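What TrEMBL says about this one:
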DOMAIN    40-289  domain 'G-protein coupled receptors family 1 profile'
TRANSMEM  25-50  transmembrane segment
TRANSMEM  100-119  transmembrane segment
TRANSMEM  139-162  transmembrane segment
TRANSMEM  210-228  transmembrane segment
TRANSMEM  240-260  transmembrane segment
TRANSMEM  272-291  transmembrane segment
Amino acid sequence: ERDNRTSSMDFVLLGISDVPTLQNLLFLLLLVIYSVTMVGNILIVVLVVADRHLHTPMYFFLGNLSSLETCYSSTILPRLLASFLTGDSTISAHGCLVQFYFFGSIVANECFLLAAMSYDRYLAICQPLLYASLMTWKLSMHLAAASWLWGSLLLVVVTAFLSQLQFCVPKAIDHFFCDFTPLLELACSDTTAVTIVTFIFSILDAVFPFLFTLASYVCIIAAILRIPSSTGREKAFSTCSSHLTLVTIFYGTLILVYMVPRRAPLRQLNKVFSFFYTVLTPLVNPLIYSLRNREVREALRKIMRK
């Protein structure tokens, strides 16, 4: 009974050791991805802080998003890189729960932040005359703070329920990080309570923000289509195209990861989707905004000249 408890044994992450012939290649690939992700997102934060032309609610939210992405990558990739170097794929029970908490809370926080960004774009395009009076700095800071706090508080409850479960021996997680479903598959005790709580909180911290974001963009696209000139439509769409691309990639991979069943024939496919969702999505943010956004490119040129 003692051996079945969370605190009595480490977990083994099988997903990082099932391709031994590719260990060195994967290590180099992940190291490059992690370095580019960190440098790119930190650079965006620096640009938003340093360039006064970017001191607007839109770029304030972008700076917060880039900060989230740096935290997002750092919950999984450093541990994954260390396992490739040392060959040790074990993780302590407490470390596994901590990784799950920070990963889950950052995903929830990003859902809320993307919803806040979509509301900002809705006001800018659908209510342009009232935008300055409605999207004030006070409201922007409140929305950003709520985005950081709400998901973090909800995941405290889920993690607390998860920590009360008993896990079967051997504690081998068929994944490359401590996610909810792979952990639940190892549980020997009743998982009804944690499943219900997680389902309710998933609706609160993922489904509602997604529906709000979707509704915002339906209104935005409808408003853009009503603009008579093609130049006006193109200009209006350019102000939200980067964010819309990011929303599509984020929620597209999120839905694929958690809607594809983890039955035996599809487990490897689920890991592939999880790789795109957890590793490549944070990399996309700085690339999209640097390549598609003129103000960010101009701020980058200024800081390079200095």
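Placed from the backbone N, Cα and C atoms, the Cβ positions cover glycine too.
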Chain residues outside the transmembrane segment (240-260) and at least six past its termini with a C-beta under 8 angstroms from it
65, 107, 110, 114, 117-118, 121, 124-125, 181, 206, 210, 213, 217, 220, 266, 269-270, 273-274, 276-277, 281, 284-285, 288-289, 292-293
Mean predicted confidence [pLDDT] for the domain 'G-protein coupled receptors family 1 profile' (40-289)
88
